[in-house]
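Now, the feature entries from TrEMBL:
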TRANSMEM  53-79  transmembrane segment
TRANSMEM  99-119  transmembrane segment
TRANSMEM  169-193  transmembrane segment
TRANSMEM  224-242  transmembrane segment
TRANSMEM  263-286  transmembrane segment
TRANSMEM  325-343  transmembrane segment
TRANSMEM  413-435  transmembrane segment
TRANSMEM  441-460  transmembrane segment
TRANSMEM  472-490  transmembrane segment
TRANSMEM  505-525  transmembrane segment
Amino acid sequence: MAPEKESKGHDNYAFALDGRFCDLRDAKNGEELDSSVDGDNNKLAYCVTDVPPWYLCIILGIQHCLTAFGGIIAIPLILSQGLCLQHDGLTQSHLISTIFFVSGVCTLLQVTFGIRLPILQGGTFTLLAPSMAMLSMPEWTCPAWTQNASLVNTTSTEFTDVWQSRMRALQGSIMVGSLFQVFVGFSGLIGLFMRFIGPLTIAPTISLIGLSLFDSAGTSAGNHWGISTMTTALIILFSQYLRHIPVPFPTYSKDKKLHTSRVYVFQILPVLLGITLSWLICYILTTYNVLPAEPDRYGYLARTDLKGDVMSQAPWFIVPYPGQWGMPTVSLAGVVGILAGVISSMIESVGDYHACARLSGAPPPPKHAINRGIGIEGIGCLLAGAWGTGNGTTSYSENVGALGITKVGSRMVIVASGVLMVVMGVFGKVGAIFTTIPSPVVGGMFMVMFGVISAAGVSNLQYADMNSSRNIFIFGFSMFSGLVIPNWILKNPKAIATGVVELDQVLQVLLTTSMFVGGFFGFILDNTIPGSKHERGILAWNKAHEDDFSNTLESGEVYSLPLGISSYLSSSSWLRYIPFCPPGVPSSVEGCETDTNSLEPKQPLGQPEPAQIIVGVAL
């Protein structure tokens, strides 16, 4: 999951380009967005169907990969605690390579056969919460000797069986749970789900994802509060205080020759810059032995040479494959817990689709495209489970915001990102590099990331009337219950004793998953306590996520299936009634030009000048 939903992404743009642009449209009324800064702020250099030069696709693809790094890398590092892998850097690097590889494959599937918008796929925090709840069950508690680095022999059969048995249990639960998402997507049931789910269900569900992970953040940050505080401060400095400060960089163009351009680099890569700078400082402190070299002293875990042999041990090339950790196993408790995360992920993605369409110059996605997108995400989760990432996949809204920053909405850029992530997953040394990030640096990143996730959940309350005592009660009770009940169950693991082992396991996982507890109470109370649709925020929520639009020319150009598949499907009248099939295929159009029933016609003004874009994203 991504921490921020429906990010506008264009409060300050890094680039001002001359050339042909596509207008960004308001999703609600079809009129051009107002701009208080610059007229070009609502223009796109490339629309969703345009194909930029190949070198620009590669450079912007790298930018999107870097934007997604924080979320993709964080998930294996958190999971390693539940999998008893804290002291096995080589296996951690293998997990990172696997999640990169699968994220790339799922991105290519989504852009080609799914929603067909420029939206990147990656690991999701909505599945991380129930996964950690499952691994916290008594039968999956890590043996004490795995917590001591001096006692862990990473090549021993005993240690391998400890973590692989846990991974296989996660794999099976994710694969079975993902089948539910595949069914909901391709059957068109996502619309039925959205009818009963409003802001008062979404807000506690998403907020508790971040709040429930405070222990992981505190554990990592507590290994050296000085380093973690520095990392947090740098990320806050770059993302909040310096994001409007342009940095001059030399640029070359045919017209202006060698000149300087202003690039909002702090707005583009604040997390990556903060982590890299802290990582570098830890390396310097390690080199000069400022940080203690004795394992029992405070601050030892901030050293960068703790996993120094990982780089030499990691293979240059590694090809992740399904079942690489063995045959997945399935437990009822794990599947039920994963289902709670899958439902949250689906609801998030619907909002991402609309935000992505808005920022890439595309019309709002029609129902058949949303159904297909959710179904393909389910297939992506199925692949992630089969490959053994320990997680699933979802749409990344950080990358949706990046569309507004780079002013390039072409889906070919996301295709390039997918290919690059597959390549990074194949190069074993890439994953090994990221395992050397000291845990206090990761903890500092978690302090910001999990906080933003919590706030992103609360932001959904803007649709509801929070002057209503009804809504205040529902949200407050849901949030408090989502914190109290899991905390009590974790402290009293033997309290659940129904006499049926399977039922005990299901209740243990569900009641220790904060997002499920909070979301469950929010859903039940919001749908049973009397209240008008306006008071509940349902009207504003549905208006913001309206998906019943006519099949305009550009809608067909954007959302029709490739390789003539849509033409074939439209030739059979009965196929038009399948929820994920396009109702009809209009005549194709070139670029972003459409008829008057769609977006306003775009006026070509010559070839775009990508030089300044290249300078910004090459950083």
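Positions of Cβ are set from backbone N, Cα and C atoms, glycine also.
No curator has checked TrEMBL annotations; they are predicted automatically.
Long-range contacts of the transmembrane segment (99-119) within its own chain (CB-CB distance under 8 A, at least 6 residues past either end) are made by residues 48, 68, 72, 75-76, 320, 352-353, 356-357, 360, 362, 365, 369-370, 372-373, 375-377, 379-380, 383-384, 387, 389, 391, 393, 395-396, 399-400, 403, 409-411, 413-415, 417-426, 430-431, 558-562. For the transmembrane segment (169-193), the residues of the chain that approach it from at least six positions outside its boundaries are 127, 131, 134-135, 140, 325, 328-331, 334-335, 337-339, 341-343, 345-347, 350, 367, 370-382, 384-386, 388, 390-392, 547, 579-580, judged by C-beta separation under 8 angstroms. The largest share of C-beta pairs under 8 angstroms with the transmembrane segment (413-435) comes from 53-79, of the ranges 53-79, 224-242, 263-286, 441-460.
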